[in-house]
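Single-structure report; data block below.
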Amino acid sequence: MSSKKEINEDLVNERRKCNFNIQEVTHIIDGGVENTLQRKKIEDVALNGGASLDDVPEECMNLRERYENALRKSCVYANILRNELLEITGIENFGTPVIRRTGDAFFKDISPFMLHLGMFVPTIMGQCTAEQQGIWLPKALDMQIIGAYAQTELGHGTFIRGLETTATYDPKTKEFILYSPTITSYKWWAGGLGRTANHCIVVAQLYTQGKCHGVHPFIVQIRDLDTHMPLPGIKVGEIGPRMGFNTADNGFLGFNHFRIPRMNMMMKNAQVLEDGTYVKVARHGKLTYGTMVFVRVTLVNEASFNLSKAVTIAVRYSAVRRQSELRPGSAEPQILDYPTQQHKLFICIATAHAFQLTANWLWHTFTVVQAEMRKGNIDTLPELHALSSCLKAVSTSDAAACIEQCRFACGGHGYMMSSNLPYLYSFVAATRTYEGDYTVLLLQTARYLVKAWEQAEAKKIVTPTVAYLNRCFDTNEKVAWTNSPEGIIKSFQAIAAGKISLCVKNIRQRIKTGMDYEDAWLMTTVQLVSAAEAHCRSMILDTYWNEMQRLTKTSSDNVKMVLYQLTTLYLVYWALEKSGDLLRYTSITEGDIDLLQKEYEDLLVKIRPNAVGLVDAFDLRDEILRSTLGSYDGRVYERLMEEVQKNPLNKVPVDPSFQKYLKPFMKSKI
Ligand SMILES: CCCCCCCC/C=C\CCCCCCCCCC(=O)SCCNC(=O)CCNC(=O)[C@H](O)C(C)(C)COP(=O)(O)OP(=O)(O)OC[C@H]1O[C@@H](n2cnc3c(N)ncnc32)[C@H](O)[C@@H]1OP(=O)(O)O
Ligand SMILES: Cc1cc2nc3c(=O)[nH]c(=O)nc-3n(C[C@H](O)[C@H](O)[C@H](O)COP(=O)(O)OP(=O)(O)OC[C@H]3O[C@@H](n4cnc5c(N)ncnc54)[C@H](O)[C@@H]3O)c2cc1C
């Protein structure tokens, strides 16, 4: 970080204006003082050398150089992880968001090791027996083996039951034979698989004793540990340039009757005995999908973290950037002074907070469900699946939209790779698709909601996260509108209940006209997605409001005030966004909506003096932000010019292509 005297004057003034204790807010975001201290300790160790190990910006390299460079840095970072950080975090917290956060100081794009740590290791932990864990986990954690997670195929990603790769048990040799019977059965997309991994988890249709038992995970060595050559029977490579993730070497993989030992089937939830007998161990058929639930839970945190980076960049830049004239001859205002700019940005700060608190709550729920499952109780799994599905869908989708808005807010400079906003956008845009597409996951939640509605209809008590359905059944009329945080949350629950009820009514009506249930469901899916989204929004609003109330109980008055303003801004913003739904399902009037609009605009004015303080409170070090526009010192123009010097195109005054193409072209006659 630059010395104080170099800090841009506008930013100095902004920080002077800030009326709350920034550190207090940082502690709230981190989940307590202890967590902040631990995070800072990890960051100090991980970023000791200043982190960015690049002389040339990643974006100026060609595809091969980028990959090699990413792998080089991954090895440096992984050494810090295993030699220094593991001791601080302990194995159980190896994949914590803090570790993930420090990684961003090394990579603008993605590390080829990300899937090893993000999915390979967690799948060993979640899908292997204790004995298998004893074999694989130490090697994986120590990175003596490097793995990927190969589930998706060229022909199928969403519909896992439709995967075509087969794993057929041969009792004579006590091996499974892996086979890719068609072009569409080739594994496709797995991160780290193309060039880096020597092992991977393969999800395949299990055949034994002539019967198919559905998809199961297997651990497979694909490359020689010494030469790194693909083993005989393995066809593996990189799938080609993508919108983002270009250093993650996403790969393809095919098997030609490739044999693996029986014990390489991950056997926590189901086993194949030596003679080929299939034994189901788990009490729930979908426990093999456990890693996906885990990653969906972590992605809500990812959404918040990446958004906090984008909005830090955009708010600091907006404080430094001056443009246009409000009155003839007056000084150019900071663009942050435009209410339209505040409208673009303040909702992004609030959204990052909303998702952070929701992510913490979801993580807690996940750990409680895991503990229950260890005791043999699987009753809470469907609710966790419904929750993690819709929260992953909505948080990643909203975060991508907000990051794009941050880029808009930075005008032309936001389009520069060096702003880091394009990287952030391409990364988060992918999270909307991977680990379950947005629409597909909302439809999973909708299945749960329709069942919950039928239970409420039968006067049964439903689970806590849908308890509002029991309440809404008693009131057949539109919910009475009250303009208060609690009133807005109640109204969103009424919208969700109203939409679910309408879906059930329409499905039933369609069945009455002769459709079967599947077709009636299919014809209602547009509404079902909307109902699941409404349910999810009511959950986020409720969690954000209640958690913020709880966390600020002992805060200083000004912290309480600014966080109250921000939470209210979020609630009012969404009420205005969904005013059509409010008119339909509550007693709100046009006059009430006018009042909401006024309240929203007043909140922008109130938050404005604290905007820079609020993004400073995310406490994102410059090494992690990696942005010419967003550094703490606000030296935007100097950094843009410095970056120009690093551009390899500027290394010589005349490009060789001038002599080769341009000069002959200009001299040629028509
Ligand atoms: C040095 C480096 C430093 C870096 C540091 C790294 C640190 C890393 C930390 C974090 C970063 C993480 C980053 C990870 C990057 C990930 C990259 C992307 C990876 C992938 O994309 S992997 C592939 C993911 N694929 C999917 O998600 C596919 C989506 N499809 C499905 O999930 C399912 O097929 C389906 C849900 C859509 C449908 O399944 P199906 O079998 O057909 O089931 P249905 O018939 O529809 O439903 C039956 C019944 O089951 C219920 N159910 C479905 N799924 C689950 C579940 N998971 N759990 C519980 N129950 C489930 C469903 O609701 C039905 O219930 P019902 O019958 O209604 O009662
Ligand atoms: C950057 C990136 C990294 C990835 N990494 C991995 C990895 O490491 N390992 C791995 O195994 N996979 C990985 N994937 C694959 C990813 O999980 C899948 O792409 C994702 O699950 C979506 O599946 P799909 O591509 O088959 O989309 P499709 O299912 O073909 O979706 C296409 C469209 O059809 C719609 N659709 C599909 N089914 C339905 C339905 N039932 N109802 C309504 N609409 C439907 C979807 O909403 C979408 O609009 C990665 C993908 C990306 C982009």
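Backbone N, Cα and C atoms are what each Cβ position is placed from, and that goes for glycine too.
Taking the domain 'Acyl-coenzyme A oxidase N-terminal' (21-146) as a whole, pLDDT averages 89 in the prediction. For 21-146, the entry in TrEMBL reads domain 'Acyl-coenzyme A oxidase N-terminal'.
If you take the C-beta of G191 (FAD binding site) and look for same-chain residues 6 or more apart in sequence within under 8 angstroms, you find I110, P112, M114, L115, M119, A148, Y149, F245, A248, D249, N250. Among the features that TrEMBL reports, FAD binding site is placed at T152, G191.
What TrEMBL records for 289-450 is domain 'Acyl-CoA oxidase C-alpha1'.
Annotation source TrEMBL lists active site, proton acceptor at E435. Cβ neighbour count for E435 (active site, proton acceptor): 21 (other Cβ atoms within 10 Å of its Cβ, all protein chains included). Under the three-state DSSP scheme, E435 (active site, proton acceptor) falls in the coil class.
Residues or ranges marked as domain 'Acyl-CoA oxidase C-terminal' by TrEMBL: 485-667.
Around the Cβ of T152 (FAD binding site), the same chain contributes K187, W188, W189, A190, each under 8 angstroms and 6 or more positions distant in sequence. When secondary structure is read from DSSP and collapsed to three states, T152 (FAD binding site) falls in the coil class. Across the range of the domain 'Acyl-coenzyme A oxidase N-terminal' (21-146), the DSSP-based residue counts are 89 helix, 0 strand, 37 coil.
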